[in-house]
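What follows is a set of notes on a single structure, which appears directly below.
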Amino acid sequence: MQREEGFNTKMADGPDEYDTEAGCVPLLHPEEIKPQSHYNHGYGEPLGRKTHIDDYSTWDIVKATQYGIYERCRELVEAGYDVRQPDKENVTLLHWAAINNRIDLVKYYISKGAIVDQLGGDLNSTPLHWATRQGHLSMVVQLMKYGADPSLIDGEGCSCIHLAAQFGHTSIVAYLIAKGQDVDMMDQNGMTPLMWAAYRTHSVDPTRLLLTFNVSVNLGDKYHKNTALHWAVLAGNTTVISLLLEAGANVDAQNIKGESALDLAKQRKNVWMINHLQEARQAKGYDNPSFLRKLKADKEFRQKVMLGTPFLVIWLVGFIADLNIDSWLIKGLMYGGVWATVQFLSKSFFDHSMHSALPLGIYLATKFWMYVTWFFWFWNDLNFLFIHLPFLANSVALFYNFGKSWKSDPGIIKATEEQKKKTIVELAETGSLDLSIFCSTCLIRKPVRSKHCGVCNRCIAKFDHHCPWVGNCVGAGNHRYFMGYLFFLLFMICWMIYGCISYWGLHCETTYTKDGFWTYITQIATCSPWMFWMFLNSVFHFMWVAVLLMCQMYQISCLGITTNERMNARRYKHFKVTTTSIESPFNHGCVRNIIDFFEFRCCGLFRPVIVDWTRQYTIEYDQISGSGYQLV
């Protein structure tokens, strides 16, 4: 190691700093505990750059180890210093090297006989404990290669995985689990890694990672019988509370005092926690009459309600308007009843965890009533050969592309449990276990252009966006079908608008040229309120579909990027972003971009470059052999 490296790292100056923050001691009065940040654990301050060169020849071996002065340390060891000998604070050289991430010194000391699991310091900890608590993944990997045991407990009863969890070192938690540590391991006080993460770490990780490893969310600790949800409430950890509720944490679990998480939230008068915990109870059917409880407990029924409500609402809006009733007061009361019904269904049965169900229901309902209108209102008025036949052919293509967009694999990146653990170990041991390329939810190395979808909760290759209108992500596996869906949907809507205008021309005694715009609008709305309602739906859908189709085609053909990449280009190092443009390494010219995206082939005249984006980890791929297209 170069000597200058020591001046740009953090150094711990004494073992008393190891226990600045409470560790794994029994917590006898959880209601009095304040949440503490893992960033303030007293391990030392960043060292500034030296303005002069010290005479290292006068340094003792502890100071030289802390600063990583390899030559001075070797000089003293060769002169007879015993590397196993603890200093006056009962701390060994291996501890000091581990806490300050001096990998070359660790290798040297172990080669000279240092004991890798020697206990030391006030907390009677191993060097691996010190490295873990400080968050040095590379040091953890190195020590475990030399046989360090992560399951050993320190003086407070914690093993390494508990320290990593409570200090938010997600990469170390992942590595320890991948190396065989039990995800539900309890410390001496009965606290699991999940409990520590819920109590100490106010971010999604490592809690999210632990949940992905199928941790037991409803275990209680040894002393208080608090579950992870109890500890999250005690700490006011709203981020983790949401994760635990999504993972199925038992909101009614009671601790040794008979208190639920909701009881603790009420004691703290935290409105956010109280509301979310009550909503979680209601979602499980508690606090409601028995009949509603049974229905609300049925997730499939709730999904059907969300899908079916738009069918009812769209029909009722048009039906009420079409009623032969002159009194708008009566119609207003009827619309009020529709609104009240929707509010009741929304509060009682809508499951907001099913993000796509309602938009998908709106799309399906709109198209259903449009087709009903087409066949029952337009069929006898329009020419079969020139209108109905093309419309039906377009509908077949629309249904096909919609079905493929909805139900096909968008490019989910899959891996077995063993593959996930192998990936974690490989990335950690090569110094690449970075959350920018590793997904802590799916536990996979993220291919280039991929992204974890928060709605679907899975990583998607060449992720474009999550589309609620098709109830699926749009990615490498279904993006072409999604474009086909937009294209044929736009034509279907155009035909619907044409049908409405033709219907008014045949059945309504008014014309735009004769009566003017406003009179024409009021006349056609009065002539057939249902038709006018369908026309408004068609115009609304035409606007967003047309805009979306144009944006998608521009991104695909002219920019060579996805929607996600365009929105987050500054986050990705491989994009060159200016105030006016985005330069993409995946942009190979308009014609080639289109051929590659749609995989066009034409009798050998051109052929696309096919890339498996589920396995592509770099921006370099063979563009020459595929050559995009060739003119013959």
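Here the Cβ of each residue, glycine as well, is placed from N, Cα and C on the backbone.
Mean pLDDT across the region 'Necessary and sufficient for interaction with DNAJC5 and SNAP25' (11-305) comes to 85 in this model. The region 'Necessary and sufficient for interaction with DNAJC5 and SNAP25' annotation in Swiss-Prot covers 11-305.
The repeat 'ANK 1' annotation in Swiss-Prot covers 51-86.
The annotation repeat 'ANK 3' is assigned in Swiss-Prot to 123-152 on the grounds of sequence analysis. Same-chain residues lying 6+ beyond the ends of the repeat 'ANK 3' (123-152) with a Cβ under 8 Å from its Cβ atoms: 10, 12, 15, 18-19, 23, 41, 43, 92, 94-95, 97-99, 101, 103, 106-107, 110, 116-117, 158-161, 163-164, 167, 169, 171-172, 175-176, 179, 181, 185, 428-429, 431, 433.
Annotated repeat 'ANK 5' per Swiss-Prot: 189-219, in sequence order, evidence recorded as sequence analysis.
The feature transmembrane segment is assigned by Swiss-Prot to 305-325 (among others), with sequence analysis given as support.
Look at Swiss-Prot and you will find 326-346 (among others) tagged as transmembrane segment, backed by sequence analysis.
Per Swiss-Prot, transmembrane segment is recorded for 358-378 (among others).
The feature transmembrane segment is assigned by Swiss-Prot to 382-402 (among others).
Per Swiss-Prot, domain 'DHHC' is recorded for 437-487.
Positions annotated as active site, S-palmitoyl cysteine intermediate by Swiss-Prot: Cys467. The DSSP secondary structure for Cys467 (active site, S-palmitoyl cysteine intermediate) is strand.
Here Swiss-Prot flags 481-501 (among others) as transmembrane segment, drawing on sequence analysis. Here the transmembrane segment (481-501) has Cβ contacts under 8 Å with residues 367, 370, 373-374, 377-378, 382, 387, 390-391, 394-395, 397-398, 400-402, 404-405, 408, 464, 467, 470, 474, 531-532, 534-535, 538-539, 541-542, 545-546, 548-549, 552-553, 556, 598 of the same chain, all six or more residues outside its ends.
Within its own chain, the topological domain 'Lumenal' (502-529) has Cβ neighbours under 8 Å at 318, 321-322, 377-378, 381-382, counting only residues six or more beyond its boundaries. The topological domain 'Lumenal' feature in Swiss-Prot is assigned to 502-529; the stated evidence is sequence analysis.
Per Swiss-Prot, transmembrane segment is recorded for 530-550 (among others), and the stated evidence type is sequence analysis. Panel annotation: around the transmembrane segment (530-550), residues 314, 317-319, 321-322, 366, 369-370, 373, 377, 483, 486-487, 489-490, 493-494, 496-497, 500, 503-504, 524 of the same chain, lying at least six beyond its termini, place a Cβ under 8 Å from a Cβ of the stretch.
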**Prompt:** Where else in the chain does the repeat 'ANK 5' (189-219) make close Cβ contacts, counting only residues six or more beyond its ends and a cut-off under 8 Å?
**Reply:** 24-27, 35-38, 157, 161-162, 164-170, 173-174, 177, 183, 226-229, 231-232, 234-235, 237, 239-240, 243-244, 247-250, 253, 435, 440-443
**Asked** Which chain-mates of Cys467 (active site, S-palmitoyl cysteine intermediate) that are at least 6 residues away have a CB under 8 A from its CB, listed by sequence?
**Response** Ser405, Cys473, Val474, Phe482
**Complete:** Under 8 Å Cβ-Cβ from the transmembrane segment (326-346), and at least six residues away from its ends along the same chain, one finds 305, 309, 313, 316-317, 320
**Helix, strand and coil counts within the domain 'DHHC' (437-487) (DSSP)** = 9 helix, 16 strand, 26 coil
**Fill in**
Secondary structure split (DSSP) over the topological domain 'Lumenal' (502-529) reads 22 helix, 0 strand, 6 coil
